[in-house]
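Take a look at the structure below.
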Amino acid sequence: MEGANKCILNHVRRHCGTLIVNAGFPRTVMAVTQGTALKTLDVNLSRVFAGGCGKASLSSCSPKVCIVGSGPAGFYTAQHLIKARQDVEVDIYERLPVPFGLVRFGVAPDHPEVKNVINTFTQTAKHSRCSFYGNVNVGKNVSITELQQAYHAVVLSYGAEGNRSMGVPGEDLAGVYSAKDFVGWYNGLPSCRELSPDLSCETAVILGQGNVALDVARILLSPIDILKKTDITQPTLEALAESQVRRVLIVGRRGPIQIACTIKELREMVNLPDTRPDMVAADFDGVKEALKDLPRPRKRLTELMLKTALEVPGEKEQERRSKASRTWGFRFFRSPVEVLAEPGHSRIAGIRLAINKLEGSGDGAQAVLTGEVEDVPCGLVVSSIGYKSLPIDPSVPFDSRKAIVPNTMGRVKQAAGLYCSGWLKTGPTGVIATTMNNSFDTARSILEDMDSGTLDMSAAKPGSQSISALLEKRGVKPVTFSDWEKIDNVEMKRGESRGKPREKLLTVEEMLHVAWT
Amino acid sequence: MALVTTLRRLVQNSLREYSRKASAVTWPTKQRSFSIGTQPLRSDNKVTVNFINRDGEKITVKGLPGDSLLDVVINEDLDFDGFGACEGTLACSTCHLIFDEEMYKKLGPITDEEMDMLDLAYGLTDTSRLGCQICLTKSLEGMVARVPESVADIRQTKDGSS
């Protein structure tokens with residue numbers, strides 16, 4: 001029996017989480033995994049006794065799920081699945097060598113606390129039943145169909161990498177950027193490295209008044225002393241140090257009561273050192289009267305705006321404002337109709353805005369053209385009117401009007417075994433916590449389908465074994481989570497000498513070099 | 001075959017024990033694990049806190065004066081899905097808790113910063129607070145805090161695309 005016992009021991013050691021040797025039975029072992037133990041021991045013991053020690057694979061019984069995208073949606077979906085069932089194995093595929101999606105590339109550098117969720121994601125990634133495969137382009141290196149063959153369920157969580165366009169003439173002029181690209185630039189997204197926005201103008205106009213628009217405004221106007229202690233990229237810091245931008249207008253189609261940003265971000269603008277607010281009092285006509293009917297969150301936000309725009313400041317605040325070298329302000333009831341070029345040049349000289357009036361009130365109020373327009377001279381336009389998801393693979397249904405994958409509770413319509421979570425599922429709005437809930441809901445749908453038999457779990461699936469073989473054949477080498485940790489350590493070390501939490505690597509080549517050295 | 005039966009029995013017994021513990025495990029973010037108050041560690045110093053979870057079940061635990069309610073949830077490994085995502089840094093509203101009127105009045109003043117984040121909580125009430133900002137004192141002994149339905153922030157713009 002000696003040989004067989006040793007074999008079991010080795011096998012269990014290799015594949016199971018914890019190993020406890022029971023003193024009462026000197027040569028037997030208790031393998032305490034998270035639920036797989038009984039089944040797999042059963043299976044493998046019979047193989048052991050049947051024909052000696054073989055390389056018994058564990059692929060026979062455990063449900064295997066593949067997640068495409070390693071941002072909050074991917075990680076929260078994985079977390080919920082792994083926690084709910086002790087036999088589920090989850091593989092997360094990511095196109096870049098680095099994980100975490102918009103937590104790394106979207107959240108503003110001066111909002112480090114928002115990035116704390118990375119700690120939770122790291123715990124998930126390091127769980128024995130979770131594996132991370134970076135540097136894998138799903139849709140190019142491997143198809144969705146191939147993933148579906150290898151896994152019991154495939155979850156699409158790849159978010160929204162495109163952006164809504166304004167659809168106006170002059171949008172392609174030099175000096176006009178989408179907020180997605182601008183944010184990608186200051187956050188070190190490799191594809192935005194060459195953006196090099198021209199900051200030699202005095203006035204910048206941002207279209208859109210959501211939190212992303214306020215992030216862009218704040219980064220353009222923050223004192224360098226504050227930014228240089230964040231994980232903002234070095235090239236951005238250098239560009240901002242030379243920036244001539246002194247005035248930022250944040251423009252919205254509708255009125256103050258419809259503004260999409262939230263109070264925390266507004267308060268940050270109001271309190272931004274060395275800046276003063278510059279609003280148009282007439283934009284706020286009738287707003288004070290409407291206050292009493294507003295729910296508390298909207299009321300507080302509107303009150304702060306009113307105070308900032310209309311109230312005569314006290315002596316101290318008056319002094320602070322008079323010394324400020326930079327201004328920011330909201331402009332309401334304006335929609336872009338054309339970006340104007342300098343005559344004979346292809347550089348932007350200004351933007352033509354249509355003047356709107358509101359029909360209706362509250363959330364449902366509509367902006368209606370009045371026929372009047374107004375030209376605003378400026379040298380930088382950032383369009384912050386929404387991100388947009390793109391189709392990944394022709395075999396996946398895609399609603400191009402809503403720019404989402406059509407689904408019901410995360411189950412992709414007319415596609416068995418295919419699910420979606422995050423912005424791809426509901427559209428590109430909401431903060432991390434919203435995505436968390438959204439992802440938990442998709443995970444619940446998957447678990448329901450596993451329990452009910454809607455998801456066919458009868459046949460074993462090879463999971464990452466077959467996908468890794470495919471990738472190797474195609475010359476694609478995945479980046480593991482420990483490879484990412486090497487990148488992480490290099491970034492943090494580089495940041496240390498500069499007083500920053502990290503100095504991000506800015507190219508895929510550099511990331512891969514560090515990962516694989 | 002005796003080996004198989006023995007193993008099966010052993011594994012079954014230990015699995016029952018392990019899975020009971022495992023299902024109670026969250027992914028506690030141990031960044032803010034123990035925060036010990038200034039008092040000595042005597043058990044008569046502890047404050048009893050009752051949580052009502054989303055299934056309506058009452059969970060009674062103890063914490064130390066100075067611990068925040070988020071600390072208590074983490075230290076006691078309470079399994080509230082998604083609770084405390086930002087680890088107590090006032091960057092989300094997932095530690096949203098609801099109190100009865102009387103207890104709410106005892107909770108002390110609320111800052112603008114807390115209210116800014118609380119305003120975004122799903123199911124906001126007049127007696128809502130963020131758990132990471134409530135610190136235990138003896139006067140809060142026996143408090144009841146209800147974990148509301150969902151942890152979603154409401155920062156979604158209705159742009160008609162969803």
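Quick reminder: no glycine exception, Cβ is built from N, Cα and C everywhere.
Among the features that TrEMBL reports, FAD binding site is placed at A:Ala73, A:Glu94, A:Leu102, A:Val138, A:Trp423, A:Gly430, A:Val431, A:Ile432. Taken from TrEMBL, the feature NADP(+) binding site covers A:Gln209, A:Gly210, A:Asn211, A:Val212, A:Arg253, A:Arg254, A:Glu265, A:Gly430. Per TrEMBL, domain 'FAD/NAD(P)-binding' is recorded for A:64-220.
Features per TrEMBL, on structure.
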residue  : record               : DSSP class
A:Glu94  : FAD binding site     : coil
A:Leu102 : FAD binding site     : helix
A:Gln209 : NADP(+) binding site : coil
A:Arg253 : NADP(+) binding site : coil
A:Glu265 : NADP(+) binding site : helix
A:Trp423 : FAD binding site     : helix
A:Gly430 : FAD binding site     : coil
Sort the binding-site residues A:Glu94, A:Trp423, A:Gly430, A:Val431, A:Ile432 by C-alpha distance from A:Arg254 (NADP(+) binding site) and give me just the closest.
A:Gly430
List the Cα distance (Å, whole number) between A:Glu94 (FAD binding site) and A:Gly210 (NADP(+) binding site).
28
Restricting attention to the domain 'FAD/NAD(P)-binding' (A:64-220), give the mean pLDDT.
97
Candidate with sparsest Cβ neighbourhood (10 Å radius) among A:Gln209, A:Asn211, the listed binding-site residues:
A:Asn211
Binding-site residues satisfying Cβ distance under 8 Å to any chain B Cβ, from A:Leu102, A:Val138, A:Asn211, A:Arg254:
A:Asn211
Within 10 Å of the Cβ of A:Gly210 (NADP(+) binding site), how many other Cβ atoms can be counted across all chains shown?
22
With an 8 Å cut-off on Cβ-Cβ distance and a minimum sequence separation of at least 6, pull the same-chain contacts of A:Val138 (FAD binding site), or say none.
A:Val68, A:Tyr93, A:Arg95, A:Ile144, A:Leu147, A:Tyr158, A:Ile392, A:Asp393
Separation of alpha carbons, A:Val212 (NADP(+) binding site) and A:Gly430 (FAD binding site) (Å):
11
Closest of the binding-site residues to A:Gly210 (NADP(+) binding site), Cα to Cα, picking from A:Ala73, A:Leu102, A:Trp423, A:Val431?
A:Val431
